[in-house]
Amino acid sequence: MPNEKENEIRRQFLDEAQEYITSLEASILEISQTSNATTINAALRVTHSLKGGAAMMGFKLLSELAHHLEDALKVFKINDSTLPDAETGHLLLLAVSCLYQIVDFERYGEAINPTWISKEVEPIFTALRSRLGDPQDETAASVLSMENNQDLVPLLFETEVEECLQRLETVLDSPNQSCLREEATLLAQELGGLGEMLQLHDFSQLCDTIEQQIATASNDLLIFVTRAALQTWRRAQVLILAGQLDQIPLEMDAVEINPTIPAQVVQTISATADVEDPNTTVRVSLRQLNHLQDLFGELTIDRNGLDLNLKRLRGLIRQLSQRLQTLQHVNYELRTVYDSVALTNAPVAVASVRSSSLLTEFDRLEMDQYTDIHLLSQQVIETIVQLQEVADDLSLGLDETEQNARNLTKSSKQLQSGFTRLKMRPLAELVDRFPRALHDWCVEYGKQAKLTITGESILLDRSVIETLQDPLLHLLRNAFDHGIETPEARIERGKSPEGRIEIQAMQQGNRTLITVRDDGEGIAIDKIRDRAAQIGLDPALLEVASETELLSLIFEPGFSTSDRVTELSGRGVGMDVVRTHLQQIRGEITINTQVGVGTTFTLSVPATLSTVRVVLAESHGMLLAIPSEAIAEVTIFEPEQVIQTGIGEAIEYQGQPISLIRLQRHLNFNCIRARHSYETPPLLHSESVVIIQQGGKLTALQVDRCWTDQEVTVRSLSNLLPLPYGFNGCAILGDGRVVPLVNVPEFLYQVTAPPSQPSLPALLSAASSVSLPTLPSVLVVDDSINVRRFLALTLSRSGYQVEEAKDGQDAIERLEAGLAVQAIVCDIEMPRLDGFGLLTKLKANQKFNHIPVTMLTSRSGDKHRQLANQLGAAAYFSKPYNEQVLLQTLDHLIHA
């Protein structure tokens with residue numbers, strides 16, 4: 001358990017280190033453009049925190065490199081440099097890249113190759129030292145005096161020292177204190193080092209004393225010694241902030257331990273410990289959050305099912321009351337008939353029970369006489385009354401249950417909203433590293449471009465952030481490579497030599513709009529039309545195609561108008577990946593371009609993925625779930641409103657004709673579909689019209705009937721069961737039924753194409769089988785999603801179509817399901833089925849034994865290499881690997 005706790009703390013620190021390095025990178029980029037003391041001091045604080053934290057957690061190399069980078073920044077500041085030259089700025093960013101890589105190595109447990117350190121890392125820091133020099137002993141003191149009249153000592157004790165002390169308080173308050181001694185000792189060392197750097201010798205001596213007392217304290221007294229140390233550090237912190245440096249204690253106060261603590265004191269301590277710190281945060285693993293999200297989805301399904309059952313129960317109680325009223329009416333009629341028969345002196349059997357011989361002296365007018373029928377009727381009346389009382393009690397109980405259900409719905413929605421916010425992350429986490437990427441591209445390719453990001457504080461679901469990572473980076477790369485011209489070309493066109501790329505995010509209802517805009521050369525529509533004609537599309541169809549339809553072709557696999565292959569973005573291959581990623585999160589993308597002015601890509605993504613409000617519509621016996629956010633209105637269909645236009649049928653809506661699509665003509669099935677009966681009555685039980693608003697355009701869908709909107713849980717289907725074009729998931733209703741979820745842009749595009757005129761993407765798909773060059777497909781098999789993504793990005797840039805599998809078993813299942821690939825790149829150590837097991841199965845199967853398999857692993861020993869070769873591996877690479885050699889090897893294996 002202690003080892004697990006320590007490993008968890010180390011993993012949490014690596015997350016913090018990632019944030020430190022991202023902040024450091026942003027500061028260095030800012031220093032390169034406009035040097036100021038505040039930014040340099042911010043970079044110094046980050047490197048110092050990273051250095052101390054890494055040392056405390058045992059990441060020696062990370063701590064040493066952060067220390068070297070801190071020294072470089074100190075020298076840079078003490079030399080009063082206004083702006084670093086291009087080479088120095090580039091070296092600083094390369095040093096930051098080394099820190100990133102080391103954090104990744106540590107996070108994934110990969111051994112750091114000494115050769116990589118000596119050949120890649122050390123030359124960078126050596127070059128920095130040769131350009132800036134080594135820091136002198138007085139550098140630290142000089143740095144402190146250059147804060148533009150702001151003393152760095154109070155600032156550090158208000159921020160860094162406060163964070164350290166709060167971390168120790170968290171450990172003291174934790175039920176599990178197995179790491180208390182290690183945490184307190186490391187903290188004493190870190191604070192002592194800070195005291196030496198700031199030339200606070202008394203504070204440094206105090207930390208040494210505390211470290212000795214913690215080391216010699218017994219396990220029973222450790223918690224009391226640590227609390228006393230924390231109290232002493234707090235007192236020293238206050239004195240330093242007050243400027244009373246001569247009052248700093250040199251030793252920790254004596255610790256008094258009373259083994260018999262009164263109950264009142266214990267209660268007081270407990271109450272104090274329970275006081276919530278508003279700044280306290282808790283780290284939760286993504287796996288746990290995803291599990292909770294799945295549970296919330298099930299809760300939504302169960303809640304909808306409960307509402308449905310309550311409505312059904314309410315209907316049954318109404319039926320019971322109606323039946324009781326009917327029974328009461330029948331009984332009344334029975335009594336009436338009986339009384340009429342009795343008055344006619346018809347022979348009626350008099351009840352023998354309770355009869356007395358004295359009654360014979362009275363006639364019927366003088367004394368009521370009861371028969372068996374009369375008694376049975378009376379019993380029925382009493383039973384009806386009793387049943388009515390039970391029905392009333394059931395109705396009252398149902399009222400209370402419905403109120404509880406409403407409260408449950410309210411609470412679950414609040415809980416869902418709170419959990420959704422919990423999973424939300426700022427867009428900044430995704431785009432913070434884009435300025436660095438653009439800076440590197442400018443240096444490498446000789447272009448000038450400035451990136452402006454607005455709306456980075458907008459929150460998105462973590463899954464949306466992760467899915468958008470590759471599409472946004474690809475759009476940024478394309479904007480730079482294919483959009484922004486060279487400085488010379490821009491000057492010739494009357495533009496500023498520095499291009500502009502803007503990423504803007506804004507909230508619009510339940511969706512987030514992200515635009516990627518550049519002021520480059522734009523997309524030539526004629527080039528798209530010519531390229532489409534070259535691959536076999538009908539020229540007549542291309543001539544009448546709209547600009548939107550032509551632009552949509554760039555999202556088809558393999559389609560490109562670029563005649564040149566660049567190392568940065570290949571031949572433009574990859575826009576299909578952008579659309580595919582967006583479809584996974586119910587996202588959309590549109591293009592607006594003007595030659596010579598620039599291009600704007602607009603991405604529309606949902607704020608959250610787990611639930612969505614939909615309107616259920618039925619057409620031709622098929623139930624569809626249409627997102628409510630895309631619906632402008634639902635109205636009754638009136639055939640006399642249909643008008644004929646040059647483009648087909650239309651109806652008038654708000655004084656304007658809009659296209660009418662009769663879904664029954666498009667939803668055709670090869671099997672008989674029964675008309676289902678549903679518990680919830682439709683909002684409109686007759687033919688209806690659903691007005692869809694998409695991209696500023698209105699379209700009317702004629703359906704058989706539709707229901708009111710409701711919140712549903714969304715689930716995606718396995719890749720083995722693909723949905724038709726126009727659908728991107730399934731909605732689960734309260735009664736457990738699964739309904740296809742409409743992807744509005746794709747669905748409209750599909751149903752609005754005339755039957756005699758297939759859509760351009762459909763024609764492109766048909767033509768590509770003959771004319772479009774097929775991209776070689778490579779399957780990447782690795783249990784690390786980050787390694788898969790990085791390798792997939794590398795291969796995609798080089799013109800490969802990449803498929804991914806999370807382990808050997810997943811790879812086998814995908815191949816057996818029909819996945820065709822020309823090569824496989826595989827790790828060795830994976831769960832379920834490792835790389836050696838995958839090799840064995842592939843070579844034993846005649847369908848797959850021809851596929852070349854390249855092993856890419858952190859295991860560089862001869863034993864692993866020899867075993868892989870014996871099992872039939874075509875090539876073997878160890879991490880870190882040479883990218884060019886790997887690509888050349890793959891090309892040779894595929895075309896051999």
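Glycine residues also receive a Cβ, built from the backbone N, Cα and C atoms like all the rest.
When the ranges 303-330, 639-666, 835-862 are checked against TrEMBL, the one recorded as coiled coil is 303-330.
Of the given residue ranges 384-418, 559-593, TrEMBL assigns the label coiled coil to 384-418. Long-range Cβ contacts of the coiled coil (303-330) within its own chain (Cβ-Cβ under 8 Å, at least 6 residues beyond either end) map to 380-381, 384, 387-388, 391, 394-395, 398, 401-402, 405, 408-409, 412, 679-680, 710-712, 733-736. Confidence annotation: the domain 'HPt' (2-109) carries a mean pLDDT of 79 in the model. Sequence-remote contacts of a segment are chain residues at least 6 beyond its ends whose Cβ falls under 8 Å from one of its Cβ atoms, and for the coiled coil (384-418) they are 296, 299-300, 303, 306-307, 310, 313-314, 317, 320-321, 324, 327-328, 331, 610-611. Broken down by DSSP into helix, strand and coil, the domain 'CheW-like' (608-753) contains 18 helix, 71 strand, 57 coil. Here the Cα atom of Asp827 (4-aspartylphosphate) is found 36 Å from that of His48 (phosphohistidine). Within the same chain, the residues at least 6 positions away from His48 (phosphohistidine) whose Cβ sits under 8 Å from its Cβ are Glu70, Glu160, Leu194, Met197, listed in sequence order. For the domain 'Response regulatory' (777-894), residue counts in helix, strand and coil come to 54 helix, 23 strand, 41 coil, using DSSP.
Look at His48 (phosphohistidine): DSSP puts it in a helix.
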